[in-house]
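Presented below is the structure to which this report refers.
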Amino acid sequence: MSHSRHRAEAPPLQREDSGTFSLGKMITAKPGKTPIQVLHEYGTKTKNIPVYECERSDVQVHVPTFTFRVTVGDITCTGEGTSKKLAKHRAAEAAINILKANASICFAVPDPLMPDPSKQPKNQLNPIGSLQELAIHHGWRLPEYTLSQEGGPAHKREYTTICRLESFMETGKGASKKQAKRNAAEKFLAKFSNISPENHISLTNVVGHSLGCTWHSLRNSPGEKINLLKRSLLSLPNTDYIQLLSEIAKEQGFSITYLDIEELSANGQYQCLAELSTSPITVCHGSGISCGNAQSDAAHNALQYLKIIAERK
């Protein structure tokens, strides 16, 4: 789909020799070129370089829609497509149809250059890219893929991949790691596409729940625990840092994961990482004479970091 607005008649394309060279003849002479390339050549020779701008990007469903506007001289046209390149292609085509004096000339889009997902078999879509665009559109963290299982005989391997997106998780299986990853992404897209438009906002709230604890929200939180942390010294003996961090996490809406490191430190101590699901994610290291001590040290370091962040203005 494309729309155009013709402000003024464009000047004919001048050749370096005598006479004029119409845009229609340029297209006929170079049939292998796309509308974007032809329009760029036209703009270069007339000193009106095409300028493209993205007007709309809708990736809430598994087949995204983009709208691009192109301006060349006094002509402005828009085009829509399921990819940015396809939308630009259609905008350029609409501009060319106005610029050329001849009858409408249609362009065939080379399949390898600009495939239209709506006309492709399902197995040729790019669900991984579509899911990533969906996450970016909503401001979520990017999907994370983990190979969880690999088995089967050498001639018939099967891979299992887990895809995590905020608080959701889907599993995909395939004969290759890439196929398993694609299948997991497809399951996510199918889940989101089955949700009615009026529920998109509530879904965003559910998926984005773990994004609730940001540095901005920490600094401005009226919560009792976080404000107590701002006044605490964090150096008092017999303080249960793990419990204190757990209370703050519950109040501020983030989770804590303690990851024990198998290797001992250079001085022979146990090591641990405390991962906080804040936005951005916080990871703090700890060490001690036991696993418990290492976790407590990691919690202590995390509290010190949160205290610094919360006190900043």
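Every residue, even glycine, has its Cβ placed from backbone N, Cα and C.
A quick note: this is a predicted structure, and the numbers were derived from the prediction, not measured.
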Pick from Ser18, Ser148, Ser235: which does Swiss-Prot describe as phosphoserine?
Ser18
If you check Swiss-Prot, which of Ser57, Ser167, Ser193 turns up marked as phosphoserine?
Ser167
Between the modified residues Ser246, Ser287, the one whose Cβ has the fewest other Cβ atoms within 10 Å is Ser246
Quick one: average pLDDT across the domain 'DRBM 1' (34-101), no decimals.
81
